[in-house]
Amino acid sequence: MASAATEGEKGSPVVVGLLVVGNIIILLSGLALFAETVWVTADQYRVYPLMGVSGKDDVFAGAWIAIFCGFSFFVVASFGVGAALCRRRYMILTYLLLMLIVYIFECASCITSYTHRDYMVSNPSLITKQMLTYYSADTDQGQELTRLWDRIMIEQECCGTSGPMDWVNYTSAFRAATPEVVFPWPPLCCRRTGNFIPINEDGCRVGHMDYLFTKGCFEHIGHAIDSYTWGISWFGFAILMWTLPVMLIAMYFYTTL
């Protein structure tokens, strides 16, 4: 009887409370991470072709890892709540081992997404080179990127990466297909009416600012990639920073059982 009572009193109630609260926050954060990264993999901004052509699409690889980690955080943290309430050494040890595995995978997801994001948006020259190489090119990648750029230029009312002069200052697949005297930039750089009819095609051709989109599309593309990366990396890092002290408390709790 005395032995059973002593065993039942092992572990401070305060520590148990901290573990329960800490793991509840982790499991809720895991669900949020899961939802966030599902949104990323759905590619709502539809910029994956830009990243795929460069071979720097590991932002999406990080998102797939984070989907696994988000669900795993939910499951393991739920188990951690039960382990803390049951006060069983083997359950706490199992919790620590599982959480450590998930922690390592989430670190990989955060680092992978952030480093590849930095490569894509730190300098517009990479995206400019892709645009000039593939826009209007008669290849599968060229057709895919042409559709992507057409959609972005229409929806965001922009032209080129930095502006319409990208098409004039550099050689491109578009220039090889369309001489400058015919059209110095893609016709979709022209301002349009609500029915998508050019307001003044001749004015657009000569570069009149009232009839031509003058801003570049890089701001929109960078914002799209940043939105994906912040959701994966920085929210992931925040979860990791919270999870570490919870794991340390669990280690201490394990030594008291």
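Numbers here mean position along the shown chain, with the first residue as 1.
Note that Cβ sites are derived from N, Cα and C of the backbone, with glycine treated the same way.
Topology check against Swiss-Prot: Pro13 and Cys86 fall in the same compartment relative to the membrane. Of the two recorded stretches, the transmembrane segment (14-34) lies close to the transmembrane segment (230-251), with three or more CB pairs under 8 Å once pairs fewer than 6 apart in sequence are set aside.
Cβ neighbour count for Asn169 (N-linked glycosylation site): 13 (other Cβ atoms within 10 Å of its Cβ, all protein chains included). When Cβ-Cβ distances below 8 Å are used as the criterion, the topological domain 'Cytoplasmic' (252-257) is approached by residues 10-12, 15-16, 19, 84, 87-89, 92-93, 96 of the same chain, each at least six residues removed from its ends.
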